[in-house]
Structures are given as structure tokens and as C-alpha cells.
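Peer 1: Per TrEMBL, the features are:
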type    : residues  : note
DOMAIN  : B:2-122   : domain 'Response regulatory'
MOD_RES : B:Asp52   : 4-aspartylphosphate
DOMAIN  : B:142-212 : domain 'HTH luxR-type'
Amino acid sequence: MNEATRRGTEALRRSGDATRYLVGGLGTGLPALLAIGPVLVFLALLAFTLPWLPDAVKPLRALAGMERRRAARRLGREIPEPYGTADVKPEDARRLLRSPALWRDVAWTLAHGFTALVAAVLAVGLWPAIPFSFSLPLWWWAAPEGSQSAFVTLDSWPKALTLPFLQVALDAFLLLWLVPRLARWQALLAEALLRPTRRTSLTERVEQLTETRAGALEAHGAELRRIERDLHDGTQAQLVAAALRLGLADRRFDADPDAARALFLEARDGVEEALTDLRTVIRGIYPPILSDRGLAGAVRALAAGRPIPVETDLTDARAPAAVEAAAYFVVAEALTNVAKHSGASRAWVTVRRDGALLRIVVRDDGKGGADAGRGSGLAGIRRRVAALDGATRVDSPDGGGTTLEVDLPCGS
Amino acid sequence: MRIVIAEDNVLLREGLVLLLTSDGHEVVAVADSGPDVLPALLEHRPDAAVLDVRLPPGFRDEGLRAAVEARKQLPGLPLLVLSQYVEETYAAELLAGGAGGVGYLLKDRVSRVDEFLDALARVAAGGTALDPEVVSQLMTARRDPLRALTPREREVLGLMAQGLDNATIATTLVITERSVSKHIGAVFAKLGLPPSDSGHRRVLAVLAYLNS
């Protein structure tokens, strides 16, 4: 097959694909065409029809959804849905009216309804037009009044022998050049109108941030309550008991020195216990070694105190205290997991600043199969990272070791 | 003994001075911030120094750094470091030089006056005093190599690592000194360490093994 033939068949194949796409467009185009009337009436009478809007939107969205998937396949890229939430509740009618997605769906219905049928008929009609034109010289003389071309009357042999070929050339040009473009324009039209606008994407992002922020505030609140409870029920109570014993010892000091001495010792024990509790609470709020040695030093210390060798690759870049505390927690928890569950013989910890992100990678050569759904350690890591709007990824194939990756935004 | 104290909290500093002078020691200098520590130590060359880890101006580990620096300039200077919390990394740094005369204790231990004075005396005599919490941290972290030890041997190793001598270990565990040395012999054998007599060298040997 020579080059020209190959390119010719390739062009024909493309045209055939495009034709099929345009014919497929009837699947959404005809319903859209039929919907134009009702949609316009519905919108004209909106003052009365508003309560039914949420119900009316559903078939429209279903139709738009079909077209979105069809166009996505044709264009080879995803077209996300612009609707915030999947199901629409009856009380959402007014909110719906203000959403750009609704009006863009309506605009697409009008545009597609008016054009899909024309495009499909054109594309399909062009194919039989070629053999028809070729056959003209065979029978034009038999036709009454001798007129069988699309634009020109064939009434003489010279015309009959030239015009059909011009016609075929025009036909072929339309088939090979216009039809693929028509299909592309149809898909682009769907994409332009049915994907989320920049504004809706931003709205979604804001909603997501609001959610993670709410999560962060809640986690923070729970943390404050826990600290308060630990201090109030533990440390404070112990100190009160110790002070009480000292008071009693004072009263007994002259009368019964031995009993007083025993009380003094009990008071000391109480104070020591309170100090131990206090240390635990302080560690939970902010590990002291972080402020002493910074994140790199603290992680190095974490790695040093492990039963298996841990290699570290750390940069000294500092991050906000909350981020460093979370990073420290992630590494500590991950290394505890490695020691407890993985059966690994080595582990690697990487902490580096990557622009506005602090990236943490903890890897081991253990047996893998870590499940974020089961382990409370991984769930704790996820929660803590999500509260800072970070991302957690776990890759743990059976028998292939475990890699935990965490990105924490540093806000600069 | 002539002692230098570095502690920024006034109450605790006064308490330490009171405690040490009432025991017959002489406090020759007190420092209340990181940069003052080294000059005070170099000027007075005390028999022992009691240092807080966190000191102004940075409230990080100025005290510890001063201690490490002082030991470089005055090898063998006995130092007892006090901290609000224990961190095995710090213990390792203090002991890194290899010589004795080093202690690392939780501040709480001050309330056990006798034990505290005992630890200070041990440090001043060139021995070692490690906080039981540091030791237990090390023991937890390095459980694997210690698996071969019996519970009693582990107990003995723990007390040994704190810097106690055989007689004290025997009293603490209410066993004879002979069985203590038998246990220690077994520990060294199981950990593959050559036996040795002096307290701090035993601790260093154990720590070196645990940190390897």
C-alpha cells in the first residue's frame, strides 16, 4: 500500500468514526430537541413551577451526564461534574436557580437540541451522495426534464460528464474535512458547557477547606479537653492530696513525729507522681526535644532509639510548630507501626521541605499488607494530617514492604 | 565539695544551694543563663557541677551544650545534668566522650534527697549516674538483643546501667554480692562483652552495646 492510499484510508476511517459519533449524538440530541419546548415553558412559568425544579432537574442532569461521558470518551480526557452534591433535595430549588451549572445545562440542551440532528443527517447523507453522484452520467438522460443534480440542472452530456465529478470532490471534501470537525465541535461544546466553571471548582475547594478546617477545629477542641481532663483529674488532684498530707503532717508534727514523717513521705510520692503525669501531658502537647533540637534532630533521636536500623535523610528546614509536631507524631507512629507489625529488618525515613510542602516518607522492607482501615496507628496519622489539610498515601502490597507518604502544607 | 550550679529557676536554684550547703558542700558559683556556665566552670574548676538542660536565653539545650563543651576543655570534670524530661539521645551525647564522672537525672529525683546526694557523690568520684527512666527507655527500645537475658539478669543490668556498684545492687535486690557478680558475668557473656570492674566502664560498655 503506498503512502497516499494509506493516508486516504486513514482519513476515511476518521470520517467514519466521526459519523458514528454524530449519529450517536442523536441519542442525546433527539431527547434534547424534544426537551427544548418543555424547558422553555417551564422556565417561562418559573414563578409557578419553581417547587418542581428539583425534580425537573434530574432528567436534564441524566441527559447531560450521558453526553458528558460520550464527549469525554471522544476527547480522551475526563469531564468532571459541576454539581456540588449528587442528589438534589426539594428545598434546594432556590439554591439551584442560582447555580451556574443549571443554566449551563439548559444552554447545552438548547444548543445540542438544535444542532445534533442537523449534524447527524449531514454526516450520514454525505456517504450515499458519493455513489449517487457517480451514477448520474448513467441515467440523467432518462429522467424527466433532465435535472438530477443537487445544485445544477443536468441537461447536456458535457455537463453530465463534468458536474458529477465536481460534486464528488465537494462531497469528499465535506466528508473528510468537515465531518471530523463537526464531531469535535460537538464534543467541545459539551465539554465547554458541562464541565465545572473555574468558580465552581473554587467553590468546591472552599467547601473542602471548610470541612477540613472544621475537622481541625474539632480535633483541636478534643485535644484541649483531653489536656484539661488530664491536668484536672490527674496532676491537680494529686497535688491537692499531697498538700492535704502536708497540712496533716503539720498538725501532727509535735504530737506524733513518726506519723508526721510518714505523711511527709506520702506527700513526696504524690508530688513525684504528679510530676510524671505532667511530663506525659507536656510531651503530648509539644515534644520538648522538638524545641531543643528542631525537627531533624528530633527525628534523628526517634530513629536512634529503635530496635531495627533506621536510615534518615533529613533537611534542616524549619516549619510552623504545629506542622513540626504533626510530622514528629507521624514519624514516631509510623516507626512504632514498623516495629510492631511489619516484621521489617530495616526502615528509611525522609523528611524534606519541598516548596510550601513538608514531605515525609517512611519506608520499610517488611511484609506489607498494612491496612489503614484496621490499624488505629494509620488512622491516627490520617486524622492528624487531614486536620492540617495534608495528604496521606499508603502503599503496602503483600510481601512488598510498606511506604507511607505524607505531605503537610507549611502555609508559606 | 566545691560545686557550681547552673539553674535559671530561682526557687529550684535556692533549693539546690540549701540542699547542698546543708550537706556540707560549698557552692562556689551559680549561673542562671547558658553563656555564663562555661566561664563559671573554667574559672572555679569545681569538684562537681549541677546543670539544668534548658537555660536562657534560648531555653533549648544550652545547659547540655555547655556541659559537653566544658568536658572538652576540662576532661574528666564531673557533671550532673538535671532535666525536666529524659531523652536517651542526651544521655548518649554526655557519655560519648567515654570517660566517667557524668550523670543525667530527672529533676524530680532531687526530692529523694539521699539518692540525689548519692548520685552526685558517685559522679564526683568519677562514676556514672543515669536516671532509671533513661535506662528503661533504652531497655524498651533495645528489647531484642536483651531477649536472651533472664528477668533477674535484666534487673541487674538495669541497675548496673544506672551506675550502681555490686554492693548497692545486692542491697537493692536483697541478694548476695556473689550472686550479683554471677548475674553480671552471665549478662556480659550473653551480650558478648568482656568483663570489667569499674562502675562507669560497665555502663559505657552496656550503653555502647545498646546504642550500636
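A Cβ is built for glycine as well, from the same backbone N, Cα and C atoms used for every other residue.
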Peer 1: With every protein chain in view, what's the tally of Cβ atoms within 10 Å of the Cβ of B:Asp52 (4-aspartylphosphate), excluding that atom itself?
Peer 2: 25
Peer 1: For the domain 'Response regulatory' (B:2-122), DSSP counts of helix, strand and coil?
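Peer 2: Tallied per class, the domain 'Response regulatory' (B:2-122) gives 59 helix, 26 strand, 36 coil.
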Peer 1: Can you check how the pLDDT averages out over the domain 'Response regulatory' (B:2-122)?
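Peer 2: 90, rounded to a whole number.
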